[in-house]
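From TrEMBL, here are the annotated features:
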- 586-611: compositional bias 'Basic and acidic residues' (COMPBIAS)
- 622-637: compositional bias 'Polar residues' (COMPBIAS)
- 586-637: region 'Disordered' (REGION)
- 53-72: transmembrane segment (TRANSMEM)
- 84-107: transmembrane segment (TRANSMEM)
- 128-149: transmembrane segment (TRANSMEM)
- 161-181: transmembrane segment (TRANSMEM)
- 193-213: transmembrane segment (TRANSMEM)
- 239-258: transmembrane segment (TRANSMEM)
- 279-302: transmembrane segment (TRANSMEM)
- 339-362: transmembrane segment (TRANSMEM)
- 382-402: transmembrane segment (TRANSMEM)
- 408-432: transmembrane segment (TRANSMEM)
- 439-462: transmembrane segment (TRANSMEM)
- 508-529: transmembrane segment (TRANSMEM)
Amino acid sequence: MGEIVQMQFSTVDYVIFALLLVASAGIGLFYAFSGGRQRTTQEFLMADRSMSCLPVSLSLLATFQSAVAILGAPSEVYTFGTQYWFLGCSYFLGLLIPAHIFIPIFYRLRLSSAYEYLELRFNKTVRICGTATFIFQMVIYMGVVLYAPALALNVVTGFDLWGAVLAMGLVCTLYTALGGLKAVMWTDVFQTVVMFVGQLAVIIVGASQAGGIGEVWRKATNGSRISGLDLNPDPLERHTFWTLGVGGVFLMLALYGVNQAQVQRYLSARSEKEAVMSCYVVFPCQQIVLCLGCLMGLVMFARYGEDSPLDKGYVKTNDQMVLYFVMDVFRDLPGLPGLFVACLFSGALSTISSAFNSLATVTMEDLIKPYFPNMTEAKATLMSKGLALAYGLVCLAMAYIASLMGSVLQAAFSIFGMVGGPLLGLFCLGIFFPWANSIGALVGLFTGLAMAFWIGIGSFVMRMSASTAAPLLNTTALPLFGNMTTAVMTTLVKPRPTGLEALYSLSYMWYSAHNSTTVVVVGLIVSFLTGPMKEKELTPGTVFPVMGTLLFFLPERYREKLCCVTPLTPKPKEISTQPYLMAKKDSNGAAHCKDDSVAEDKEKVSDRTQTQDEDLGIKIALSSSPPTSQTVQETSL
């Protein structure tokens, strides 16, 4: 084994890297001192719900396209081939379902926090449990996503480790705490462009040095790195079409359907149509990102073949191998290594800033505002900025803890992936199954989390003990696209596992599907045992009427008993938001809100009958609505 090879940054590289940090901070400062100057929580946390399709879609893309994915996808393809590319098949349903089910529900309810939905659909306890689960996963993940690229940079180039961590953490905290969601989203746009340019530069220069794309493809084919369609249905197989194309759908739903960081971006769009369009725009962008990662992996293989820098001992892990390759390719091209490192750290900055902002939002909306309803707007805004700042400091502390973890870094990634599935299951339980009640939701969530940690930790311990028993095995960290999880795999042919070992050997791509299904099944069973919810107890607009469509063959009286005839709330331009706003004011129970809204509707009908004047009804609705509903135009009503 050779020694770790360190390559040096030139002055130009340092300048380019510094420019990235200065530009990101500059965007944050611009939004701190322009426009509304982040004086309201609506502007700071929701960008005044005024964002257009382009920044929303690019921010959606950047949020989970972090440095770990930029480092991980090429090394995955280099080591195991292009089977990973079939993950792209999951993007279609993974983005179509959020666009037409989750976005309409969240947007029409005028939420600020995704977990606000859980209180409207179930109760306050479910909301707090959902919020706490989200905070747990994001706090753990922030430190890892900050520390991992800094460590890779330090090992390969000698770039000061804690200098990089502090520079990223502080700049990110600065522009997030000062500029709010607008600053986060526009820096995401800038950082996405830098990511694309950095990856393209590596592919173009690397392919030309290898003799062109044709030669890269020929070497990859000869080296068995171009994978065919693997239709093996075995869920224990790490990557097949089914694990990537079907299991990936659940992962995408956990990311793009119910994760607060993404939901917040949908809700910041100026209209529901723009929010849906942003989902459609993300689809081709995700495909491009996936193709760039795969191409970079193939170019790496064309350069090194089977004789990888990892095998030679030039680097310690797969993640560092990509950075070593970049420094090797750009050895005689000063400035380009700095561009790729800027690309790498853009990924980290976009993910961390989104985490800060979404954490500040859920903490403010779910844990503070409900208990201090009379807090002034100025004080709430100041507290939101303080929360973003505090989470920035927590992130730096988590990066230090990550540095002490060593091999437990893989466990931290797995924990993040394992928590997403149960949260997805909790939202699906509320949205698709009208008879699910709050007891079923809580028991389902905790059962799903227990199952997730049991399988995830059991799998990690089993593989760690296997690698300890056989130290010569090739143990590799495999980051999943969207940087959600990492599996630790040992490349050894062995008989098919049975019993608990089979459960622990489940492909990490099925974690989200398995855990979310557990929540739904347990939640429904417990709901039926404890008394399912009735139609009149549901808050209007919290259930998507898919069950009514699927059970169309039943007579309506049976569908009513099964609570399957609740319609989706019409678009905001078609109705007043008054019933929902009343539900938000009174958190004592959904049934009370429902009755109030029905009573109001009757009063409105009688008013119209007596006066034959629709304008009067409109004025009454507008005058009784709080400030947040003033975005609904009188003409649209």
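Just so it is clear, glycine is given a Cβ too, placed from its N, Cα and C backbone atoms.
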For the transmembrane segment (53-72), which stretch among 84-107, 128-149, 193-213, 239-258 has the most Cβ pairs under 8 A?
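Ranked by Cβ pairs under 8 Å, first place goes to 128-149.
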If I count Cβ-Cβ pairs under 8 A between the transmembrane segment (84-107) and each of 128-149, 193-213, 239-258, 339-362, 508-529, which range comes out on top?
239-258
Please indicate, using numbers and ranges, the residues of the same chain that are 6 or more beyond the transmembrane segment (508-529) and have a C-beta under 8 Å from a C-beta there.
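Hits for the transmembrane segment (508-529): 235, 238-239, 243-244, 246-251, 253-254, 414, 417-418, 420-422, 424-426, 428-429, 433, 435-437, 439-441, 443-445, 447-449, 451-452, 455-456, 459, 478, 480, 485-487.
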Any chance the transmembrane segment (439-462) and the transmembrane segment (128-149) have 3 or more Cβ pairs under 8 A, given the pairs are 6 or more apart in sequence?
yes
Any residues 6+ beyond the ends of the transmembrane segment (161-181) with a Cβ under 8 Å from its own?
21, 24-25, 27-32, 38, 43-47, 146-147, 149-151, 153-154, 187, 264, 268, 345, 348-349, 352-353, 356-357, 385-386, 388-389, 392-393, 395-396, 399, 403
So, does the transmembrane segment (239-258) come close enough to the transmembrane segment (339-362) to give 3+ Cβ pairs below 8 Å, pairs being at least 6 apart in sequence?
no
Between the transmembrane segment (193-213) and the transmembrane segment (382-402), are there three or more C-beta pairs closer than 8 Å, counting only pairs 6 or more apart along the chain?
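Taking Cβ pairs at least 6 residues apart, the transmembrane segment (382-402) and the transmembrane segment (193-213) are not in contact, as fewer than 3 fall under 8 Å.
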Are there at least 3 C-beta pairs under 8 angstroms linking the transmembrane segment (128-149) and the transmembrane segment (382-402), leaving out pairs fewer than 6 apart in sequence?
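These two stretches do touch.
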With a Cβ cut-off under 8 Å, give me the same-chain residues at least six positions beyond the ends of the transmembrane segment (279-302) that come close to it.
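Answer is 53-54, 57-58, 60-61, 65, 69-70, 73-78, 82, 84-85, 87-88, 91-92, 95-96, 98-99, 103, 196, 199-200, 202-203, 206-207, 210-211, 215-217, 219-220, 223, 225, 256, 266, 321-322, 325, 481.
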